[in-house]
Amino acid sequence: MEGVDHLAHERNKSEFDVDAMKIVWAGSPHAFDVSDRISKLVASDPGFRKDNRSTLSRKELFKNTLRKAAYAWKTIVDLRLSEEEAAKLRFYVDEPAFTDLHWGMFIPAIKGQGTEEQQQKWLPLAYKMQIIGCYAQTELGHGSNVQGLETTATFDPQTDEFIIHSPTLTSSKWWPGGLGKVATHAIAYARLIVGGREHGVNGFIVQLRSLEDHSPLLGITVGDIGMKFGNGAYNTMDNGVLRFDHVRIPRNQMLMRVSQVTCEGKYKQSDVPRQLVYGTMVYVRQTIVADASCALSRAVCIATRYSAVRRQFGSQNGGPETQVIDYKTQQSRLFPLLASAYAFRFIGEWLKWLYADVTQRLQANDFSTLPEAHACTAGLKSLTTTATADGIEECRKLCGGHGYLCSSGLPELFAVYVPACTYEGDNTVLLLQVARFLMKTVSQLGSSKKPVGTIAYMTRVEHLMQCRCGVQRGFAELSVDLVEAAVAHCQLIVVSKFIEKLQQEIPGKGVKQQLEVLCNIYALFLLHKHQGDFLSTGCITPKHAALANDELRSLYSQVRPNAIALVDAFNYTDHYLGSILGCYDGNVYPKLYEAAWKDPLNESVVPDGYHQYIRPLLKQEIRTARL
Ligand SMILES: CCCCCCCCCCCCCCCCCCCCC/C=C/C(=O)SCCNC(=O)CCNC(=O)[C@H](O)C(C)(C)COP(=O)(O)OP(=O)(O)OC[C@H]1O[C@@H](n2cnc3c(N)ncnc32)[C@H](O)[C@@H]1OP(=O)(O)O
Ligand SMILES: Cc1cc2nc3c(=O)[nH]c(=O)nc-3n(C[C@H](O)[C@H](O)[C@H](O)COP(=O)(O)OP(=O)(O)OC[C@H]3O[C@@H](n4cnc5c(N)ncnc54)[C@H](O)[C@@H]3O)c2cc1C
């Protein structure tokens, strides 16, 4: 029945203060207040409804996204929301849109790679959304290999301009979000050519469309690249294709914090690492780690609540069947994902600190932690997105057949989330960057340069020094093993930062104890999953492995009575979850049944096409094959 909490019996089992855990999950009382307030604002505003997305055509879907983005922006302006509140609004609006790339990449690129003068000119226009930007780096022929990009930017000293050109089909910009139909400007990455000499890939601000009638400017060919994975999903985003035909831009539209070109045509490289040109990607990678905990926690919330509602088998003397959450197999699949959601939350908090710290150091021209920041953002982006994409799919399977319904919210969540394993850097390519960083560290063992920070533990691998000459053997030849080592390195960071989190003051009855259980589940599940490696390297004995497995089972039993409360702590509204299986009151079956009849296919009892195709079949009016 409506209004009845079908999960009340589960909530009454909780052994900790859920409200205190909500604060831990949000990060602070202030962050919880903002998040709670904005999530309810979005959930209560029909302008942000999203339950009809799967029934819209691509053009209807996209127009609806434009409407929502404009409505969100109006809400932000009318309510005078802060940037923190606006970011939360965008999060709870929960729809990939051009604004993500405008705010998440175009503006950060100007802030990170533009000079003070360029920032003063372009940022006010961007903040007021008087221009809409995108980040145009990837091309049809190159994405991972940035140094392989083919778009050219040739300096013309006669006119003090750059000529931006797409020399080949494969140099067409391909994938940039917001580019296809909306962006008026792009940060376009191109090979800088001055006086016939190449100077690597740099960023250029290029206007694409008229600010009067939105038509593409002279020399610009631009459009959408077409439908993507899933029906609704990421098709709310206009990922685009863009070609330049000798487009001229003023010299001062090359982002010049890293490199400069003077009006005399002299190329200068600042005394900052060239890799700062990649800075925007590093920024987004650290936001993606925080996003991973959000996406995974959402799927886990749905699967946990439904696992407590669903009963199957085990009825004794006509009594109720067994809740599937009580099956050890269900717990062994679900609870490590619950632990991962919390682990990724805390590693996301730490990575945000690391990124802020490296940014502050860069302002003082201290580049000492840039390599570690690159390795951590690349590796943790790879690890958390792979685990989250796999975890969302596992949550769908944990919900049985009903997990495959759009009304479960899981298919759409998966379809929207999975490109995170590719964008902002293919996950394997990024792990190879971590492997390169680890190998460079090994090569420096024994020198005066001592490993610190997240690689400090490597001083304890002195034995690698003896075989150092061995590890010089082809990096490519060893890349599969090196990628595994990179994952292990990142997992060590995740576990270490979870443990560090538990050493902080954590208020609330039973809260720290619950987090300790989740931390131990995360670590022991890894040990169980990779026990072959631990055993073959002599890190543990078979007895240790058996003890670990026993402890893991015990920990699952400790989590069981608190599972619903642990997902309640995410404080997600039913609107944001978008899932009948995950609804707060657990009143699943009536809602599933009601939702079915709302499908457009049920608008008529007799389906379109019956008279044309089915009736002739049934009436044998079509000659039947000899069966
Ligand atoms: C609704 C309305 C609301 C409106 C209001 C809202 C208000 C606020 C809202 C805020 C919203 C924010 C939302 C944010 C959401 C964002 C969503 C994002 C969606 C996804 C979009 C996707 C974008 C993209 O995909 S962009 C393109 C990404 N592409 C890549 O990642 C390419 C990957 N490849 C590379 O990075 C390079 O090619 C690389 C590193 C693989 C190789 O580079 P290389 O130049 O060849 O270098 P290499 O020789 O390997 O190494 C040399 C040297 O350099 C070091 N190195 C490499 N990279 C870096 C780096 N990045 N930083 C530092 N150092 C680096 C490397 O380690 C080597 O060092 P040494 O070994 O010491 O020599
Ligand atoms: C939804 C979505 C949104 C995007 N938004 C943007 C955007 O806004 N702006 C933008 O510029 N780009 C964007 N991209 C593009 C994205 O950044 C690239 O697709 C991504 O960087 C991967 O590059 P690629 O497509 O060239 O993959 P490839 O590198 O071609 O990968 C193909 C395969 O080759 C493997 N591989 C490649 N190099 C190596 C190597 N050295 N060693 C071993 N294996 C290797 C990869 O692991 C992968 O398995 C977006 C992509 C998607 C899917």
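Keep in mind that glycine also has a Cβ here, set from the backbone N, Cα and C atoms.
Sequence annotations record features per position, and here TrEMBL assigns domain 'Acyl-coenzyme A oxidase N-terminal' to 17-132. Across the domain 'Acyl-coenzyme A oxidase N-terminal' (17-132), mean pLDDT in this model comes to 95.
The Cβ of Gly177 (FAD binding site) has 25 neighbouring Cβ atoms from other residues within 10 Å, across all protein chains displayed. Under the heading FAD binding site, TrEMBL lists Thr138, Gly177.
Annotation source TrEMBL lists domain 'Acyl-CoA oxidase C-alpha1' at 278-439.
Feature annotation from TrEMBL assigns active site, proton acceptor to Glu424. In the three-state DSSP reading, Glu424 (active site, proton acceptor) counts as coil. Within 10 Å of the C-beta of Glu424 (active site, proton acceptor) there are 24 other C-beta atoms, taking all protein chains into account.
Summarising the annotation, TrEMBL assigns domain 'Acyl-CoA oxidase C-terminal' to 462-619.
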Other CB atoms, at most 10 A from the CB of Thr138 (FAD binding site): 18
Tally of residues which DSSP labels helix, strand or coil - the domain 'Acyl-coenzyme A oxidase N-terminal' (17-132): 90 helix, 0 strand, 26 coil
Between Gly177 (FAD binding site) and Glu424 (active site, proton acceptor), the C-alpha gap once rounded to whole angstrom: 12
